[in-house]
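Working notes for the structure below.
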Amino acid sequence: MNINLTEPHPYLSWAAPVSILAVFIVGKVLVYYYKKIADLNNLKKGTQKIYQKLDQHNDYIKTSLVNSLIDQSLPQVRVASVQEERNKAIKEINKHKDSLNIVYLNKFLKTPNPFFKEGDSLTEEQIKSIIIDDDRNLVIAGAGSGKTRVVVNKIKYLIEHKKVKPSEILLLSFAKASVVDLNQKLGSLCSARTLHSFAYNVVRETSPVSINCVNKIEGIVHDVLQAQLRDPNNLEDFLKFYRNSFNYKSKPLAHYKSIQDLRENLDKKKITYQTNNRFGKIITDRHIKTLKGDWVRSVDEKFIADFLFTHGIEYAYEKPYPHYRDRYLPDFYLPRHNIYLEHLALGENNYPVPIIEDADKYLQGIAWKRNLHRDHNTKLIETTTHLLNKGDSSTYLKTLLDKNGIRVSQLRIDRLSGGYSQFVTSFYDRYQLSGLSLVDLEQRAAEKGEEFTHFYNFISTFIQNLEKLKETQRFLTFSDLLIKARKTYEAGKGQKFKYIILDEFQDTNRLALDLIETIYQSSEGSTLLLVGDDWQSIYSFGGSDPTLLKNYDDKFGATAKTCLTGNFRSSKEIVNLGKDFITKNPDQIPKNIESRTGITHSKVELLCTSNLESSIRNKKTDDSIFILGRYNEDEPKNLIQTLQEQGYGNVKFMTIHKSKGLEADHVYLIFSDSKWGFPSIIQDHPAFNLLKTVEEKYPHAEERRLMYVAISRAKKSFYMVYPAQGQMPNSPFAYELSDIMRQSKQQSNAN
């Protein structure tokens, strides 16, 4: 074989580059391998270092310490396949941290400690909630669980054991009563403050100008609103928002084809009305409020009442007819003109609208009224649902009234603005507490449709006008204090704290939580403790949002949670009644509350109103007694005064809302025949839906929590007081509670 050494061999022409490629690949593999080995070695060394430091720690280990050690000792890996190993290592480190914390807690619990001596000894749950000391801490404190004792002992523990200065502790609460109670128990050790009082001090100390904090702004709102409505364009937006079905809780009756159609519309709008399912009728209680303050029975009647009121025509609603006082209440009486006005639910061709089931009977009733007026020579004028809603309702009414000699004056802007100032004030307050901007509001309104867009046009102009007035006159609302205090901390000003403790966290709103979070973030190395109970969140009308507590760790990350499940207030029967009732709603933080009182001879019973006074007389005169109502109107007339004059000085009436945070030996809950019911049928104006981030899915969720608050006030006995012997109140809650009572009694007898 002859080989020409001067010519490259064909084999070498392709083998050489392949060899170079192989070398390159091998080099890459070796680099990858050495990087992986280095990453794994660093991971192993770093993990060991972290374990050593954690094992040497002799206090509760915070999440922030672990995160800091991980950042220092576990650098980011260069090889992607090692990332999974790093994630596993971090998971194991956190497990180790949790194990060490459990060992620390158990050791602490077994060692006699002089720091926890406030009267009776504390339970393990209470002590754990005090000594657990992560960066973020949440104590779920059930009713009667000794929440105040925990907060007070936490302060003492911080000052005496951890040597924290009182000035380094920020102790806040939403409720004035809670602040008073905490300060009485803490003495000179530390001072509790309401959130608004703290914010006021922050703003006052850092603001270069004097501030004027306004407690009630409804009068100012009225003036701004009145000036705004004098502008024709603003008035047009307002009237569009006011008149359409969005303003009311349902459409005029003429728009419904049947009772079922009405029910479906109410369900669609998530509006609750009392219905009588047995007879298939809507209960026609007075459930719609007019600008004048009357409660009327229908959308159409509200429009008529508001038209009369805002055009200076005096009227009386459902004033008894003088010639038939017991049986006939005409819709409207115009005293200056001695004219009666009846609004008739008649559609086209003057035939009753479809939801009137017995049309013949309804027509007979109309004929009876007309004959009654004719016989007694009184003047009657009539409006109908069809004609009122056919075209321009205002023009229709004006024409009818003019025709009957009733002069319709120009629209009274003062009455229109006065009637809506309370609503606008409430909306503005909640708007500030929501933390939303006008841009957010505009976007939400656009998503909800034209009706909400009209409202946005009106309310955004109002908000901008009010903001300008506040700036020129230098006054602040309570919500402004929170906003300005938050901005102060965002600017790097404001006092820093080592511990921030917030009581009654279930009452928080987004604006307040933003302030608390800003203070926490600006105080490097600080610890946050939030104390509350989602089962007792009952102030949504004031802007509180129960989801902030329930979903706290989902939004803010790792949070050490403890739950106080022992009830040291109420008997076993009362605790079980409240627990069985409130846990019907599954969308809450679960907790197994148990009575720790040892109270015997407890009563949980139904009671007729006629037996209320005698039942109270059978109690000891020095026992505390609450008579609770859903509304102020539920107070039994003269009963409290009579009982107090006879030596029962500890008998008090209050609404359930006012009773929160209080307790009594015996609680009587009044189920009256109130037109508003319990759960309340009074619904928020649909405009407030623009401010809600999360809609509670469970029916009557807040009303259920309110009932739980009522039950959990009682120590020894709880009575449901119903109107008449053998007659249950018209309340689904009453039936539900009576079923729970009956089942509990059956179970007790079986055992």
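Keep in mind that glycine also has a Cβ here, set from the backbone N, Cα and C atoms.
A TrEMBL annotation is a machine prediction, not a hand-curated record.
Some features that TrEMBL has for this protein:
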BINDING   Ala141, Gly142, Ala143, Gly144, Ser145, Gly146, Lys147, Thr148  ATP binding site
DOMAIN    120-571  domain 'UvrD-like helicase ATP-binding'
TRANSMEM  12-34  transmembrane segment
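Features as recorded by TrEMBL, highlighted on the structure.
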{"residue": "Ala141", "record": "ATP binding site", "CB count, 10 Å": "28"}
{"residue": "Gly142", "record": "ATP binding site", "CB count, 10 Å": "25"}
{"residue": "Ala143", "record": "ATP binding site", "CB count, 10 Å": "25"}
{"residue": "Gly144", "record": "ATP binding site", "CB count, 10 Å": "24"}
{"residue": "Ser145", "record": "ATP binding site", "CB count, 10 Å": "26"}
{"residue": "Gly146", "record": "ATP binding site", "CB count, 10 Å": "24"}
{"residue": "Lys147", "record": "ATP binding site", "CB count, 10 Å": "23"}
{"residue": "Thr148", "record": "ATP binding site", "CB count, 10 Å": "19"}
*Sorted by sequence, non-Ala141, Gly142, Ala143, Gly144, Ser145, Gly146, Lys147, Thr148 residues with Cβ within 8 Å of centre, ATP*: Val150, Asp533, Leu564, Asn567, Phe568, Arg569
*What three-state class does DSSP give Ala141 (ATP binding site)?*
strand
_Considering every residue in the domain 'UvrD-like helicase ATP-binding' (120-571), what is the mean pLDDT value?_
87
*How would DSSP class Gly146 (ATP binding site) in three states?*
coil
